Amino acid sequence: MATTAGVYRNGNHSRNSQSTNNNKAEKPLSFNPNPKNSLKSKSLPGSGLRRSAPSSLGTAKDDTGVPGRVRVAVRLRPRNEEEMVADADFADCVELLPEVKRLKLRKNNWDSDTYEFDEVLTEFASQKRVYEVVAKPVVESVMDGYNGTVMAYGQTGTGKTYTLGRLGEEDTSARGIMVRAMEDILADVSQETDSVSVSYLQLYMETIQDLLDPTNGNISIVEDPKSGDVSLPGASVAEIRNQKSFVELLRLGEAHRFAANTKLNTESSRSHAILMVHVKRSFKGRDSILSSETGNNPHMAKSLKPPIIRKGKLAVVDLAGSERIDKSGSGGHTLEEAKSINLSLSALGKCINALAENSSHVPIRDSKLTRLLRDSFGGSARTSLVITIGPSPRHRGETASTIMFGQRAMKVENMLKLKEEFDYKSLSRRLDIQLEKLIAEHEKQQKAFENEIERVTTEAKLQISESERTYAVELEKERLNNQKEYMESIKKLEEKWMMNQQKHAGGENIAGLKDESSNWISNGEDSRVANMEELSEMKTKLQKETLLRKAAEVEVNKLKSQLAELKKSEASAKSDISKLQKKLEDEACQKEKLEGEIAILQSQLLQISFEADETARRIDKGWYEKVPGSLDSLMLQVRQPQNNDSGNGEKASIAKLFEQVGLQRILSLLEAEDVDVRIHAVKVVANLAAEGFFLVLYQHFASASFYGQHQLIQNCASSDIPSKTNQEKIVEAGGLKSLLMLLRSSKDETIHRVAAGAIANLAMSETNQELIMAQGGIRLLSMTAGSAEDPQTLRMVAGAIANLCGNDKLQMKLRGEGGIKALLGMVRCGHPDVLAQVARGIANFAKCESRASTQGTKNERSLLIEDGVLPWIVQNANNEASPIRRHIELALCHLAQHEVNAKDMISGGALWELVRISRDCSREDIRTLAHRTLTCSPTFQAGMSRLGIDY
């Protein structure tokens, strides 16, 4: 019955089914915090057992820095069909006493050993009951910011994977701990402020492999030298938004897990599976509430505190079952797998023994399993262990070993620590928003103040002019009235005098005349007195008008003082304006000087052009030639540092030009009218973008495998390459926009070639890739590829597009703007260098599609196949040129990772090439990837059978 070891688990078959008849929601029972290893049933006095504290499994109150013991529960598997027949005449080797949380292990019919655990679960215990007493308290601790571990240990075939990893798609009550834990986590987190991510790994033959990305086959463990925390930076991390996507990831991981058929289990796990769930939650600080109650209080910012971020990690560990070779019948490669499993479990047992006995030395580095579980036993995580046992008396020895493992684990004490930190980034964003609001409010108030000053000034001027006009009118009116009254009085007097003259003109006597004259004089005196009174009354009125005029003059003086102040502020503003005008004049003078310097620099640039041309030609020929002052001389300095004295070494000509001239001036020459000046300026920018980049890349590239070289080139955008500073300066100064403008406007093929090379260098940065796409770069590169005939120009364009093909975010946009069609169109050239760049771009694109399909974000057929690239790939899969052949072989392997592409690849003849690659490829990593793909794909298996391929 033994089958070939290393068969992948398909995820649809379960282990020996567990009974789910008991679905009652039982409350967790109490536990004994310090149990004894064993209690003989023969000697059990009434005081021999301690009373157990009333607390559930793992629910002890453990704050930051307080001890928390490992909680252990035991679960009994019901008899399977084979045991019902073989052990029909024998009683079970164990007897469970769940009421008192004890277990009896029978030695014979009259003697047994008694053990006490935190929880005893019978064969009728439901999956829900197991989750609530074993895992739920740990999950709640993880949500509060602690690390937690749930682990299953036991003999092979006793139900570990059923307890932890059952998906429960057909029967929801059969869901395991993994699925139920994620349900509780997603129900408690906030989609806006919290995040949940998972990694799914397996430890197979002391090698850590990524179950979500089978190509990631050897992940290293990294330990923090200060805190001792263990991390796996090379593992795939998937963001979880809903339960459906999580179940799909579990199904994908189970399909990649190694399993084999043994005498004890038809589907025995041959690796330890570890599911890591990272939960990041945000909590508001006590004083970090920005509400309307604070108003415009200037001291509001002093009371702000950043939000608190709590990071919890849940590790669910499904250990491979321990087994005895004579009972499991393992042989060949399966025997080697069993040895590796038993060695790692033995190392784990030694560590637990040392921790239980408080030994000064814990052999944590004896196995990668113990290094991964460093935080779970004796670390800072809350740990719950469920040990699974079977009832068969034939396996009493394995059952006893499992029970003793659990008893020793109950003695291990962990120091629980809260993982929280302040979210200073969130506080900084909120303070920036508040600062912007205050600045806007200040500008608004400043503008209102200026408007108010202008309004008051206008009103004051109007009031002054109105007062002056009113005063002049009133004064003139009063003068006219007085003059009119005076003239009327004179006229009346004259009329009276004439009348008196006429009366006495008839020859009256002198006496009568005297009497009349005296009467007239007396009347004149009376009239003069009346006139004097009237004149005094007019004087009084004039005095009143004078007072009114003085009051008006006082008011006018006040308004004039206000006007003077306004004129003073206006004079200050004019002074500032004059200063700014003077600065502008200085800038204009400086500009004239700079234009003169630019003219001089243009002549210098023409002198350096020959050396730049020579450097570019040497770089095109290869990385290993010696070009003085260029990139290869720097490589020589890297390879022979003892011969390069920094004090005496000559700087490269391009770096010297960059230091003497400045980037902004060099970029300004890209728009020069002289074609030669533009060409040389583009070459300088291209060399600046590449200078220093290949120095570090060469060091890694020389020692890497082909697959490693491909990964290095694809990921170089995110690496810390020294030329990143030059590239950032070029982009910030507008160099990228100028290069794209040259592609669009220039018709000179030399400019096209050098500009495309500069863009290819800039496209090695992920940030620059997005900028290139946003500014229409791929469309311009495609147009250039369609019109160019020079192989070197096509090589530069293909290299730029190949770099853009390695960005996951730009796949659809790159294809929509003709990037794939442009790559396929450039094969018309036939030049090996061009074909190598085309093959690299196709391999990068296929790698991104393979990653997307593995993560579950892409389910459709490959865009490369839809655009007709597959025939060219198959045609050149065995190309004589090694770089072309290696890239195409890698592209075929990535395309084959997605099952939906299999039929097209079979009909297109790619299956024969995959078989050839898995057998004859000189690169072991590519050969292994092709073999694994053919083995895992049912469609390829059926195709090989139909075509008669013996594999």
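Glycine too: its Cβ is placed from the backbone N, Cα and C atoms.
Automatic, uncurated: that is what TrEMBL annotation is.
Looking at 140-171, 364-395, 428-459, 492-523, the range annotated in TrEMBL as coiled coil turns out to be 428-459. Here the repeat 'ARM' (734-777) has a mean pLDDT of 81 out of 100. Broken down by DSSP into helix, strand and coil, the repeat 'ARM' (734-777) contains 35 helix, 0 strand, 9 coil. In the structure shown, across all protein chains, T158 is the one of the binding-site residues Q155, T156, T158, T161 with the greatest number of other Cβ atoms within 10 Å.
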